[in-house]
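Visitor: Pulled these features from TrEMBL for this protein:
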COMPBIAS  269-279  compositional bias 'Polar residues'
DOMAIN    79-159  domain 'Cadherin'
DOMAIN    160-268  domain 'Cadherin'
DOMAIN    269-383  domain 'Cadherin'
DOMAIN    384-488  domain 'Cadherin'
DOMAIN    488-605  domain 'Cadherin'
REGION    260-289  region 'Disordered'
SIGNAL    1-21  signal peptide
TRANSMEM  605-636  transmembrane segment
Amino acid sequence: MRTHSFLTILLWSSVFYVVHVTPSQKRTNKHSHSERITGMPENDGKTLHRTKRGWMWNQFFLLEEYTGPDTQYVGKLHTDQDKGDGNLKYILTGDGAGSLFIIDENTGDIHAAKKLDREEKSLYVLRAKAIDRKTGRQVEPESEFIIKIHDINDNEPKFTKDMYTASIPEMSGVGTSVIQVTATDADDANYGNSAKVVYSILQGQPYFSVDPETGIIKTALPDMSRENREQYQVVIQAKDMGGQMGGLSGTTTVNITLTDVNDNPPRFPQSSYQFSSPESAPPGTPLGRIKANDPDVGENAEIEYSISNGDGSDMFDIITDKDTQEGIITVKKRLDFENKVLYTLRVEATNTHPDPRFLQLGPFKDTALVKISVEDIDEPPVFSRPWYLIEVDEDAKEGSIIGQVVAQDPDIAKNAIKYSVDRHTDLDRIFNIYSGNGSLFLSKPLDREETPWHNITVIATEINNPKQSSQIPVFIRILDINDHAPEFANYYETFVCENAKVGQLIQTVSAIDKDQPPRGHRFFFELVPEFAVHPNFSVVDNKDNTAGIMTRRNGYSRSKTSTYLLPIIIFDNDYPIQSSTGTLTIRVCACDSRGNMQSCSAEALLLPAGLSTGALVAILLCIIILLVLVVLFTALKRQRKKEPLIISKDDVRDNIVTYNDEGGGEEDTQAFDIGTLRNPEAREESKMRRDVIPETIFQIRRTAPLWENIDVQDFIHRRLKENDLDPAAPPYDSLATYAYEGNDSIANSLSSLESLTTEGNQDYDYLSDWGPRFKKLADMYGGEDSDRD
């Protein structure tokens, strides 16, 4: 690296002319011949006249990055007023004065105290003045000067990025621009070649090149393939000094990626493929996958598979898996091992996005041979038809064969088959089948009018492998036979007016038949032979399955005959002919002049003419309501007779206070008297209940007096026997029950029922000690104001 030093000495001189100042200004300068004082302010007010004077310094340029042992000499300040006697003092102000630049105040020499960098600051503006040490006044006006920093090549070129990333399509031509890199140099471009940058490639040849002046990177080789190499790393150098030796340099890295183009056709890795499929595989079953390789990526590698030809093109299909770019071979139709065991397909793989620029490289598709073998499996039996329709007459006899179904084993083994009827479809078990030959026969009689169709399912099963079975629907249609006679279509309410004329139509009748003859119904009507010549009415067949009832005389009388019965025979025309007799009831009614019926029954003659049916219904409802009210009143009256004699709660004579206990219990003081059991003689007395008004007084049956101290159990047995043997013992629907608890209780009895057999007073004060639940009893029986008092 060359270092060029320049030293330029400039002499700046200033010529000052006589200036005028105010009288108050004082200036005292002692100079040599270069300055003369012509007057002072204090002398007669005369103006001061000055002769020529000037500054002198001889250095204004400074090299940057000075590394010498001493401070770098910048220059010297000097004025012609300086006589060298030390009376003047030089002062430096401005950019860097005192820190970067130091001046010798006696000699005016300026030195740089620090190393300077032009790239930080290229020039400094300073101001200089000379001062008289004695007076402190300036001997010259302050003057400004510039120190410029000369540049040296101390900065290397720097790229705008540490790393660049670029891409270019593969197979691009030579000279295709990839990317432009830029480097800058901080040195002074106007001074020498320090900032002149030249680009060169250090790494990446021979694939790429760079323009030395612009920094544009270009391809250097033709037909670079991404499939061979996708990534390239190029190192670019930028060097100043125009690339000459000694210049500074910087580098950067450029990562270049080749992008894909569709320049490769798909290729199958093998020429043929082998697959197999069971013959039972349903349509849509995948059999296998094949794949053609395409080194391209993205949409350039998308492939579409198809079957171009082959004997299995109708039996198989191929679909493309977009995610894996594979071809999936599937079953298109049902296979049959017994029919064909091997199929051959020609499969074609084609790019879906070919690039026209590379079509000259060849067709962008490939083909492969696919062989598919069919595997035999044990198949279920196959019926000869998809369904069966059988027609049978409804009068077919039980056990008669009505049809046959046929099935066979499609396998080569031809296994034997047995037939059966699915009983879920024939719950009534009307049909059955011979298991050996599939013949259907009847087990029960048929009735078309009840069920015209039967839909059953027949099952065919291999005998050697019962798991292999098939089902077939069998539709059985019941054919009609003429087994039902026709009858009236409706119930006819026919009437004839009393003032009817001869030949008057009073009713039109029609018939229905449950049978359905193939040619349709045809009915005939006529009177029964006994009434062939009826003196009152006649039947006229209208030849349209209807008949008219005509009068044969003038006038009819309700008082004589209110109702006529007309038997009519109805025939059909099917074989065998069926007939029935229907009786038509004809009432004689009173009609107005227009023939409108007014009344028909003989009783209606006694009723007022204006009384309608609604009025009769209203009268009947009123009668029913009155009867209900009478019944309710009677029942309430009888119930009121049975009310107890003692109604007041204060009257507690011989009564037990009710405590809402369930059942009769001790509340019933008369229904059961325990004293009777203890004293059999008491039973002989006739006692009546005092809480109910007696309705009927029964004669109490007297029995022989019992001896004293009789055993209670024996007494009960005797009484039971007497009640059983006495059919007149009231009440007749009652059951007399006797029971014996046993003898003495430790707690003694609380019942007052024994008061019938005891005459003395009892002490009930102990009831107060039994707690609040027995307070009521204690108040009733233990108080001074008890019922006994």
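For all residues, glycine too, the Cβ spot is worked out from N, Cα and C.
Nobody curates TrEMBL annotations by hand; they come from automatic prediction.
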Visitor: Quick one: average pLDDT across the domain 'Cadherin' (384-488), no decimals.
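Guide: Taking every residue of the domain 'Cadherin' (384-488) together, the mean pLDDT is 92.
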Visitor: With DSSP as the yardstick, break the domain 'Cadherin' (384-488) down into helix, strand and coil residue counts.
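Guide: Counting residues by DSSP class gives 3 helix, 47 strand, 55 coil.
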Visitor: If you run through the region 'Disordered' (260-289) with DSSP, how many residues end up as helix, strand and coil?
Guide: 0 helix, 12 strand, 18 coil
Visitor: Would you list the DSSP helix, strand and coil counts for the residues of the domain 'Cadherin' (79-159)?
Guide: 0 helix, 37 strand, 44 coil
